[in-house]
Amino acid sequence: MNFNSMQTITAAGLFLLFGYYLQSKIIWLRKLYIPAPFIGGILASGLFLCFKSIGHVKYNLDYSMLPVFVAGFFASIGLRTDRTFLKKGYKGQILFLGIVIFVALFQNVVSLLVSKAVGYNPFQTVIFGSMGLMGDASILQGVPSLISRGHAYLGLFNGYSVFGNIFGTLLGGCLFILLKKRTQLESPNITPIEFKPYEFLQHLLIFLLTICLGLLPTQLGFGKWINPAGGAFLAGLIIRQLFELTGKSSIQSPKVNIIGNFSLSMLLIISFMSMDLTALAKLNPAAILIFALQACILMFFSFYFVFRYYKRNALAAYVASGLIGFSLGMPASTMSTLQCIGEQEGAIPIVLYIVPPVGAWLISVFNPYIIKLFL
C-alpha cells in the first residue's frame with residue numbers, strides 16, 4: 001500500500017497526538033522533558049519496523065512534505081524578527097555559530113585520537129566525528145568521497161546517526177534539568193490569540209510566499225549553501241523588514257507563531273517517524289563507546305562553558321540545552337527539546353533566533369569543509 005502525502009501527514013498527526021497523550025499521563029516523561037513528537041515518532045518507527053518484519057504487509061510513506069514544513073517553521077522565525085529583535089539577537093547567534101564550529105572541530109579531533117589508538121581508517125574517523133554526530137543524510141552530498149570510496153561504511157554512518165538522534169533528544173532534556181537548578185525561570189505569559197478570517201488568510205498567504213521563496217535556492221541548485229531552512233529564514237527576515245519599512249501592514253507575531261508551531265510539530269513528528277531503526281543493527285560496541293565519550297565531553301562543555309558564555313540565565317539554559325540535540329543527532333532533536341521545554345517552562349523567543357538557524361542551516365554549510373580536513 002502506498003500512502004500519499006496527505007495520508008502520511010494524517011498518520012503523523014495521529015501519532016503526534018498520541019505522543020502528547022502519553023506525555024500528559026506519564027509524569028516522568030514530562031519531568032525528563034521527553035518531547036511528544038519524539039514519543040509518537042519512536043512508537044511509529046517501532047510499529048513500522050514490526051510491519052516490515054511481517055512479510056505480507058508492504059507499505060510506503062510519502063515524506064515529500066517535510067521540506068515544506070521545515071521551510072514553514074523557519075519562515076516563522078524570520079517573520080517574527082523585527083529590527084529591534086534583529087539587533088538584539090545577532091551577537092548571540094554569531095557567538096553560537098562560533099561555539100558550534102568549535103564543537104564540530106573538537107568532535108573530529110576526539111574521533112581522530114581514538115581512531116589512531118585503535119587503528120581505524122579516515123572514513124571511520126569522520127563518521128565517529130562531526131559527520132555522524134552533527135549531520136544527517138544530507139551531509140553526504142558535501143562529502144562525495146564517502147559515497148564513492150567509503151561505501152562500505154554507509155551502514156555504520158546510518159546506524160550511528162540514528163543512535164545519535166535518539167540519545168541527542170533525550171540528553172538535551174537531561175542537561176536542562178541540571179541547568180534549571182542554577183537559574184531562575186520566568187513563568188510563561190500566555191496571551192489569548194484571536195484570528196479573524198481575513199487576518200488568517202493574510203498571514204497564511206505571507207507564509208506561503210515565504211515558503212516558496214525559501215525553497216527557491218534548493219530548486220535552483222544552491223541548496224548546498226542555502227537549504228530550505230536557511231532560505232525560508234532569510235526570506236522571512238527580508239519580508240518582515242520590508243513590511244516594517246512600508247508600514248502598510250503589520251505581521252503579528254502571536255499569529256505567526258500558530259502557523260509556525262504547526263509546521264514545527266509536523267516536521268518533528270515526520271522526522272522521528274521516518275527514522276530507520278533497523279540501522280541500529282549496524283552499530284558495534286566500539287561505536288557506542290565512542291558516542292558515549294563524545295556525549296560526555298559535549299555535556300561537560302555545555303554545562304560549564306556554554307551556560308557561562310550566555311551569562312548563566314534562563315536564555316543560557318535554553319541555548320546550552322539546545323546545543324546537545326543537533327550536535328549529537330539532527331536539528332529535529334534540538335527543536336523538539338526546545339519546544340518541550342517551552343511548553344512547560346515558557347518560551348524565550350530569542351532562543352529560536354539563535355539556535356535553530358545555526359543548527360539546521362549554518363553549520364551544514366561549514367561542516368562538509370571541516371570533515372574534509374580529517375579525510
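Using N, Cα and C of the backbone, Cβ positions are placed for all residues, glycine too.
Sequence annotations record features per position, and here TrEMBL assigns transmembrane segment to 34-51 (among others).
If you look at the transmembrane segment (63-81), the same-chain residues 6 or more away from its ends with a CB under 8 A from one of its CBs are 5, 8-9, 89, 206-207, 210-211, 214-215, 218, 228-240, 251, 253, 256-257, 259-264, 266-267, 270-271, 274, 335, 349, 352-353, 356-357, 360-361. Under the heading transmembrane segment, TrEMBL lists 63-81 (among others).
Sequence annotations record features per position, and here TrEMBL assigns transmembrane segment to 93-114 (among others).
Feature annotation from TrEMBL assigns transmembrane segment to 159-179 (among others). Within its own chain, the transmembrane segment (159-179) is flanked in space by residues 31-35, 38, 42, 127-128, 132-133, 135-137, 272, 275-277, 279-283, 287-288, 291, 295, 299, 302-303, 307, 316-318, 320-322, 324-330, 332-334, 336-337, 340-341, which lie at least six positions past its ends and keep a Cβ under 8 Å from the stretch.
Residues or ranges marked as transmembrane segment by TrEMBL: 200-219 (among others). Within the same chain, residues 67-68, 71-72, 74-76, 78-79, 225-228, 230-236, 239, 249, 251-252, 255-256, 259 sit at least 6 positions outside the transmembrane segment (200-219) and bring their C-beta atoms closer than 8 Å to a C-beta of that stretch.
Marked as transmembrane segment by TrEMBL: 225-243 (among others).
Per TrEMBL, transmembrane segment is recorded for 255-274 (among others).
Here TrEMBL flags 286-307 (among others) as transmembrane segment. Within the chain carrying the transmembrane segment (286-307), a Cβ under 8 angstroms from the stretch's Cβ atoms is held by residues 99, 103, 106-107, 110-111, 114, 118, 128, 133, 156, 159-160, 163-164, 167, 171, 175, 178-179, 182, 316-317, 319-321, 323-324, 327-328, all 6 or more beyond its ends.
As annotated by TrEMBL, transmembrane segment applies to 314-330 (among others).
What TrEMBL records for 350-371 (among others) is transmembrane segment. Panel annotation: around the transmembrane segment (350-371), residues 70, 73-74, 77, 81, 85, 88-89, 92-93, 96-97, 100-101, 104-105, 108, 126, 129-131, 134-135, 138-139, 142-143, 224-227, 229-230, 233, 315, 318-319, 322-323, 325-327, 331, 334-335, 338, 342 of the same chain, lying at least six beyond its termini, place a Cβ under 8 Å from a Cβ of the stretch.
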Query = Which listed stretch (34-51, 93-114, 225-243, 314-330) has the most C-beta pairs under 8 A with the transmembrane segment (255-274)?
reply = 34-51
Query = Taking a Cβ cut-off under 8 Å, which residues six or more beyond the ends of the transmembrane segment (225-243) line up next to it in the same chain?
reply = 67, 70-83, 86, 138, 206, 209-211, 213-218, 249-251, 331, 356-357, 360-362, 364-365
Long-range neighbours of the transmembrane segment (34-51), counting only residues six or more past its ends (CB under 8 A) = 11-12, 15-20, 22-23, 57, 59, 61, 166, 169-170, 173, 265, 268-278, 332-333, 336-337, 339-340
